[in-house]
Every structure is written in structure tokens, then in C-alpha cells.
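Taken from TrEMBL, the feature 8-oxo-dGTP binding site applies to ARG26, GLU37, PHE38, PRO39, GLY40. Here TrEMBL flags GLY40, GLU60 as Mg(2+) binding site. For 5-135, the entry in TrEMBL reads domain 'Nudix hydrolase'.
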Amino acid sequence: MSDFKLLLVVAVALIDADRRVLIAQRPQGKQLAGLWEFPGGKVEPGESPEDALIRELEEELGISTKTACLAPVSFASHSYENFHLLMPLYACRKWQGEPQMREHTALKWVRPQKLRDYPMPPADEPLVAALCDLL
Ligand SMILES: Nc1nc2c([nH]c(=O)n2[C@H]2C[C@H](O)[C@@H](COP(=O)(O)OP(=O)(O)OP(=O)(O)O)O2)c(=O)[nH]1
Ligand SMILES: [Mg+2]
């Protein structure tokens, strides 16, 4: 257990007026490259999960939102080889700006039932089910 590492990552399902969800393809050179993910990233020391997500949305997509626009949906708890991922997933329906591709290889708006057509990290599978229930 001495090398057990718990990693806190926050992620978001941006939901548009047609109830489609934004997924983003992870770039080459990063862990899980090529897989489709919910935008987000690691919570840094001193940050709340919501602050971290607002920062990641700005960095990765160039959009801005507020804590009041972030609603919890579910969370992933998944053991990868080198760490255990704990990842709350928020839903967000209100933001400013148009998502831009700043760090990802591709962005795609997808209907919840179609999410299973896109290979995602293993941690995300239960989250897809939760989103289909929600939407
Ligand atoms: N953002 C995101 N990360 C996910 C998802 N599913 C999943 O297993 N992960 C994992 C991949 C990574 O090990 C970790 C998040 O890493 P990240 O590369 O997005 O972190 P970050 O945005 O802070 O990027 P960096 O500064 O570390 O490069 O969580 C997901 O749906 N979204
Ligand atoms: Mg990220």
C-alpha cells in the first residue's frame, strides 16, 4: 500500500441545447492518447474541484463558466496501473464562448446514446451510463 496514489481529477459533460455532450480526443504523447474523454484535469493543491474545473475549461477549451453552473452527475473510481483515479463528473449547460481545440486532437458533440461508439478510458464507462440516465 505504500505506493498507493489517489489522483483527484475533475471532468465535465458540457450539454448543449440539443442534449448533446462534448467529448474530446486525448492528444498523442499523453497517457490514454487517442481515447475520447470528458474535458477536465487534475485538481491542484489549494483548489476546490469547481475552481479546478473552471480553470481547465478555460485552458483546454477557452470557455468560461461559474460554480453555480456546475451540477454533480456521478463519479468514477478506477484503479489504473500507477494510481487510483477518483473523478467527479459535473454537468454544465451554461458557459460563455465557443469551445476551441486548444489541447485536444478533436472535439465532438455527441448524443448520449452514441457515446458508446467512441472509445473512452475504462474509468468512464459507468459515467456514460449515468449520463444516458440523466439526459
Ligand atoms: N480529463 C479527463 N481525464 C480522464 C478521463 N478519464 C480518465 O481516465 N481520465 C484520466 C486520464 C489522466 O490520467 C487523468 C487526467 O489527466 P489530464 O491529462 O486530463 O490532466 P490535466 O488536464 O491536468 O493535464 P496535465 O496538465 O497533467 O497534462 O485522468 C476523462 O474523461 N477526462
Ligand atoms: Mg485534461
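Even glycines carry a Cβ here, placed using N, Cα and C.
Annotated features taken from TrEMBL, shown on the structure.
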{"residue": "ARG26", "record": "8-oxo-dGTP binding site", "DSSP class": "coil"}
{"residue": "GLU37", "record": "8-oxo-dGTP binding site", "DSSP class": "strand"}
{"residue": "GLU60", "record": "Mg(2+) binding site", "DSSP class": "helix"}
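Cβ atoms within 8 Å of the centroid of the Cβ atoms of ARG26, GLU37, PHE38, PRO39, GLY40 (the 8-oxo-dGTP site) belong to the same-chain residues ALA11, VAL12, ILE23, ALA24, GLY41, GLU60, HIS104, site residues excluded. Note: the CA-CA distance between GLU60 (Mg(2+) binding site) and PRO39 (8-oxo-dGTP binding site) rounds to 7 Å. Largest Cα-to-Cα span within the 8-oxo-dGTP-binding set ARG26, GLU37, PHE38, PRO39, GLY40: 11 Å. Shown in sequence order, ALA11, VAL12, LEU14, LEU22, ALA24, GLU56, LEU57, GLU60, LEU61, HIS104 are the residues of the chain, 6+ apart in sequence, with a C-beta less than 8 angstroms from the C-beta of PRO39 (8-oxo-dGTP binding site). Taking the Cβ of ARG26 (8-oxo-dGTP binding site) as reference, residues of its chain lying under 8 Å away and at least six apart in sequence are, in sequence order, LEU32, ALA33, GLY34, LEU35, TRP36, GLU37, HIS104, THR105. Other Cβ atoms within 10 Å of the Cβ of GLY40 (8-oxo-dGTP binding site), summed over all protein chains shown, number 22. Spatially close to PHE38 (8-oxo-dGTP binding site) yet at least six residues away along the chain are ALA11, VAL12, ALA13, VAL21, LEU22, ILE23, ALA24, LEU89, ASP124, LEU127, judged by Cβ distances under 8 angstroms.
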